[in-house]
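Each remark here refers to the structure printed beneath this line.
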C-alpha cells in the first residue's frame, strides 16, 4: 500500500471521533428546551409526554381529551380547548407570568379529570375560579404519589376557587408551599370525598387568612368569600347529588346535574355513559372503557395506542360479566385471534394455566423483572443483567417463576448478584425461534452465560430433565465460579454435545487471568454526562475476536490503587459497569465507543477488554484510565429555612444541594416583598370573628406540652429529650417531604435521553454515534452572566421578569447562612436561593441550580401600631344631646393592616366603675375617621384608643378627657333669654344711632357724588342665577375621566366642542360638577362662583369658558390646567418623591411662577377683588407650566386640613391669613400680599405645610402674638427679600403686587411681557420698567439654585450700591391710572405719613436702594432643591416691626410648645435697626429672620399736613391684651430708621376706615353678604385735595338694620 494513502487513512481515522462528537454536541444543544431554560433544567422528553400532549395539539372527540401537560408557553393552553373530560391527568407547571396574563383564560367546558390535577410553580395565577369554573369530578384513577390534587410552590395562588368541585373519587389533596393560599380550612373535604385527615397534606401555606364566608354560606363553608361550597344542604338520599337549588339529581349522576332526575343531564356518571346518557352498565354489544364509558368494537379498536405502545383489545364478558375495552389482557387471559381470525385484538380466557405472553425484555433491576410477573411465555429475547441488590433470587422467582417458554434466546451477562438460576422454576423450552443474529463461530446459540462472577449453579436436576433447547446450543464463558463439570452435566440433560456449544475450559471455574495483549485507550471528548473513548484494535487473529467490553466505575479517591477484580464479590455495590461494542471493520480503523449516563463532575476509572472465542490463545486488555466529567447545573439547595428574629431582618439558612454537580462557590439569594392584598381582609368582621394567629396557637400548644413534661416529677425537672420513636417519626416526616419533592422534580425536570436499543448496543457503528442517544448538555441560555464579586456580600437591585416589585439580590461566598437587612416590619417576603458555580472555561458559562423557594414574614414592630396621640381630638355637640365625636388618625405604617380599633371609656374619677370597650371595625372607622359616642351623661369622661393590626398588638393611648356639658335649667334659660333680648334692643339702638350719624355727616357734603359699585365677592343671596351668553349646550360637553373631588362635586377632564367660533373645534376643558345630593344653597353658591369668574379676563387667571345651568347637575366649564394645582405640582417635584426623571424646578422657574402669580393678583386687585384664600393649592399649573390664579374657593374641600373652623364661623385658611384678618376679620389686597408671601414660602419648600408642628389654634395665637415663620434653609435672596416684606405687620408697609412684579422683572422671561396684565394699558407698566429682563442677562444676574445660599444670607443679595432716593422697590413714579409706588390699593396717605421723620439726608449719608443684584456664579441650571427635601422646622419669630421701643417684658409668650429655642433675645422686635450706609450690607446675616433691612427714602411732604397715627386710626374694638402681640407701636410714631416711602394720597381700605366708615366695617366684621361700599376718596393731582363721594343709599342702610335685628 502506498505510504501516502496510509497517512491519509490515519488522518481520517483520527478526525472521525472529533467530528462525530461535534455533531453530537450540536444535536444535544438543539434539543435543549428554551422554555425551561429559565428554570435551569431541561424538561423531559419522555414517551408518556406524547400521551400528555406536550408540544402538540389535540382534536377531542366528543369533548374527550387525553392527558395534558402544559408548561412554559401560553400557547399550550390551547390543548384544553373543547375538552369536557380529560381521560388522564392535567399537569400545569413552570410559568412566570402576571395575573393579567391569566384573566383571559377560561375553560368552562372542562368538567372531569379521570386521573389527577397537578400545578407547580405557576407564578401569576391567583385563583382557579375562572380557569376551571365548572370542574366537578376528579376520579383519581391514577394518582400522583397517592394524591388527586397537588398544588406545589404556587407563589401567587390566593384560593383554589374550584367552586363546582363535588367529588374526588380516589386519592388525597396536597397543598404545599403556597404562601398566599387561603380558604383551605373553610372547605368540607369530607363532603368532597377526602375523609382521611392523613390524605390532606396542607403545609407552609398562608397563616393569617381572612377565611370569612358570606352569611349565605351554610356552616361557613366556602371556596372564596363569595363562593359557597355547594351540595352541603342536599336533602336527597345518600350518595345522590343535588343541584344548587337543592333539587335531586338522578341516581346515576356523579358530581351534580343540570336538570333534576334526568340521566341525560348529568355532569358525569357514577358507572358508565353511553350516547350521552348515564347507565348502570353498558348495553349488549358494547365494551366498557376506563370504567366510565361504553364503546362499540369499532370505536374501541380505533383508539390510539397507549404510551407503552399497546394496542386496544376486546374482552367479551361471560356469565353476566361486562365486556371490556383494554390495552393489556388481565390475569388468566391471553391474546388470541379474533373471531374473524384476521388480527390479534382479542383477550381469550385460558382453559388451564393461562399462557400469558409478554414481549422480550432486558432486566437490569428488580423493578424491571416485575413487569414480567404472571407471564408464561416470552416472545423475543430475555436478557438479564443484575449487578447488585438484596434478595435478588427471591424477587426474581416471584416475577419470572411462571415463565415456561422463551421463544428466542436467554442472555445472562454480568449478573454479579446471581448465584443460581433456580428462579426459572418453570422454564422448559428455549429457542423455538433463534434469530440469525445470535450466531457465533458459525453456530447458533439459545442460552448465553457470560461474565457472571458469582454464578455457581444452573438449574435443579429435576427441572433440567424437562428442559429443551429447540435450536442452537449454549454459550458459556467467563463465569469464574461455574465449574466445568456443572456445565457438562447440563449439556447431558439437554442431549447436546460440546461441539454444538461454545464452552471455555479456561475462563469458567476459575479467575486466573489469561495471557493478554495490551490495548491503548484515550479519552477523546468529555461532556457532563458522557465521554467518547478511542482505543487501538486487537492485534491477534481478528477472526477470534467477539466483542469489546468497556468496563467503568465511579471512584472516590484517585490516589488509591485501582484493581480490576477489587470488590467483585456477592454483596458489594462497588462494581464495574460495562458497555459492549462490536469490532470496527477496516484494517487501520481505531475503535471508538461512548459512555453515557454518567454523573457530572465525577471521576471515573475505565478499562477495555477484548473478548475472544474459547479456542483463542490470547486475550487483550487496556490499562486503567481515569477521567472527570464536566460540571453541570446543581440541584436546588435543600432545607431552606427563613427565621424572623427582628422586625427589619430575616435570617436565611440552607444546606448544600444534594447533587452539586460541580464545585459550589457561592449562593444567590433573591428576595422581594409581597404586597398585602387589603381587599381580602375587608370581607370579614374582625370584631365579631377575631383573627387567631397560627403561630400563637402553636406556641400555646408547645408551652402546654412543656408544662406537662416539666410538672411530671417536680419543678426542678427540665424537659425530657425526645425519644427514639419521636425522633424516628420526625425523620420519617422529613424523608416523606424530601421523597415527594424528589418525585415531583423527577416528573417535572427530567433528562432528555432515551435508552439505547439492544440491537444498537450489540452492533455499534461509530458513524451513527450522534444519532444513538439524545442527551442534556449545558445551555448558555441558562447560565448567568460573568460577574466579579470582590466582597463577601454584594447587593444589587434588578427587576425580574413579570414582577412589578423591587427585587433584591444578595450573593454570599463560603457560607450557607445570610441575614437580610433593611426589611419592612411585619412584611412577607419571597426568598429564593440558587447554588452557583464559578465560571468554567470548559463549559464556557457559570452554572446555577433551580431556585429553592420559601416565604417568611418579618417580626412585628410594637410601636408601629400605636396611634399618634397628637391626632386624637374630640368634638362635643353643643345641643346638649350628650354626643361626642372622637377622631384620630390611623397609624401610618402599621403591622400589615389595621383590622379594628378598641375604644375604652368611662366616667372619670370613678375607680370602681367598669369601663366600656367598643370594637370598631376598619370599615366603620374609614367612614368618618373616628367614632361617635352617643347619649353620654353630663360630666367628666376619660377614654383611650388602641389599634389592632394583623400582628394583634394592643397598645392603648394615654387617657384623654372631655367634659359633657350639663344642659341649662329652665329658669336660667328664661333669664338668659330676657338678658339677650335687652342687649339686642340696646345693640340695635346703638347701631341705629351710628348709622344716623354717618348718614348725617355724609349728607352735609353737598359736592359729593354717590357711586355704587358691585363687589364681586359679595352677591346678595336673593339673586338667582340667570342664563346669559355664557350658557353652553350640555350635549357639547363630553366627560373623559375624573381629576379629583372639588368642594361642590367631582372635577372631570373633558372635551368641549363648538364653544368657540369654530363649531367643529374640540378643546380640552375642566368640568366642575355639583353632587346630586347638594342642596339648593350649594348649587347657588356653585353658580355664584362661576358668575364671579365671568368678570375676569387675564392670562394669569384661570378662564371661565362656559356654564351649563339648565338641568342637573350644573356644570362649570373651565380652562384645563393639565398639571393640577401648584401644591401637588411642587410636591411631585421633590427629590424624595418616586418620580424617575423628574427634577426639582430651578430658581428661575420659581421666580417665573412668582411673577405670574403676582400678575394675576395685580389684575384682581385692580378689579377691586379681594381673593382672601391665596395659597399654592388655589394656584393652577397649565401644561406649559404657567401658573394661574385658581377657582376662588372651589378647592376648599379638597384640602380641608388646610382650613380651620374658628368658633361657629366657616372654614378659615389660618396658615395663610394676615394678622389683621385673624384678629379683626379685615381682608384687603394687602392681606392677600401676606398670603402671597406664604405662597412663596411654599414654593421654596416645595409645598411644605406652613407653621409645621403647630395646631391651627396655636397658629392663630402665634401670628396674633406678632411672630412669623423662619425663612427656609438655603432660601434664595430674591425669595427671602420678598417674603420678609410681604410679612410686614402693618399692611401699609407691605409691597403691592405691581411693585413685586417690577422687582421681579429682571428675572422673568421675555414672553411675560406679551401675555401679562402688567404690560397692558391698564396694568401700570411704564417705559424702562422692564429693562434687564431674562432675555439679556448681565453681570447682575443671580440665578443660584435654592440650596446654593445659606439661610442666613438668603435675604442679603450682593448689591451694586448706587445712590437713589427710591424705596426698597424701585418703580416708576407715574403711569396710567395714577402713581405707583411700594404702597398701593387703598393705603391712607395720612397713615403713611404718621410719625415719619422729616429730615433730609444727602447721598453721601448713605441713602442707597437695591437697584440690582451683584455679580455671582451662574448656577441657573442647578435644580431648585437638589438635596433631599427636608421640611423646614418653624421657629417662633416676631412680626416685622420698626416702631416698637419695647423691651423683653413686652414680648408675651403665647404658651405654645417650642420646637426650637426662641430667637435671640438681643434681636427682639423692640430693638431698632441701624441705619444703612455705604459700607454696611442691609441684608447682613444678623438681621435675617427677625426684621428686614432698614432703608431710607426721601420724604415728600404734602401741604405740610402731618397728623398723628392715633388720630386717624379707627379700631372697631379694643384688642384683647392677651391676644395682642409684642408691643410694636409707639405713640411717638415711626422711628427714623423705619421705611419712609413717598407719601401719596390713596383711598382708605377696610382696615383703615374712618369713623364715618364704621357701618361698612361693621357689616364686614359681622359677616353680612350685603354689598356696602365704603366712602371712597380720590386724588385731584392739581390741588392734592381729597374729594369724598356720597354716602350709601338709605335703602342699603335699612337693609343693614334689618339684618342686625335678625342677628
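Placement of Cβ uses the backbone N, Cα and C atoms for every residue, glycine included.
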Candidates are 710, 1505; I want to know which one Swiss-Prot annotates as N-linked glycosylation site. 710
For which of the residue intervals 1462-1500, 1501-1539 does Swiss-Prot record region 'Disordered'? 1501-1539
Of 934-954, 955-975, 976-996, 997-1017, which range does Swiss-Prot call transmembrane segment? 976-996
According to Swiss-Prot, one residue in 778, 1447 is annotated as N-linked glycosylation site; name it. 778
In Swiss-Prot, one of 1303-1327, 1328-1352, 1353-1377 is tagged region 'Disordered'. Which stretch would that be? 1328-1352
Within the domain 'Fibronectin type-III 2' (636-726) only, compute the mean pLDDT. 74
Just to verify a number: CA distance, residue 332 (N-linked glycosylation site) to residue 188 (N-linked glycosylation site), in angstrom, no decimals. 43
Residues near residue 520 (N-linked glycosylation site) in space but at least six apart in sequence (CB under 8 A): 535, 536, 622
In the structure shown, which of the glycosylation sites 663, 953 has the fewest Cβ neighbours within 10 Å? 663
Closest of 275, 879, 1173 to residue 663 (N-linked glycosylation site), Cα positions, recorded positions only: 275
Using CB atoms and a 10 A radius, I'd like the single residue among the glycosylation sites 332, 879 with the highest neighbour count. 332
Could you measure between residue 275 (N-linked glycosylation site) and residue 188 (N-linked glycosylation site) for me? Cα positions, answer in whole angstrom. 34
When the Cα-Cα distance from residue 940 (N-linked glycosylation site) is computed for each of the recorded positions 495, 879, 953, 1173, which gives the smallest value? 879
Taking Cα atoms as reference points, rank the recorded positions 495, 879, 953, 1173 by distance from residue 188 (N-linked glycosylation site) and give the first. 953
Measuring Cα to Cα, tell me the gap between residue 953 (N-linked glycosylation site) and residue 1173 (active site, proton acceptor) in whole angstrom. 43
May I ask for the distance between residue 1173 (active site, proton acceptor) and residue 879 (N-linked glycosylation site), taken between their Cα atoms and rounded to an integer number of Å? 31
Out of 188, 275, 495, 940, which has the highest number of nearby Cβ atoms, where nearby means within 10 Å of its Cβ, if these are the glycosylation sites? 188
Rounded to a whole number of Å, the separation of the Cα atoms of residue 879 (N-linked glycosylation site) and residue 495 (N-linked glycosylation site) comes to 125
DSSP says residue 663 (N-linked glycosylation site), in three-state terms, is coil
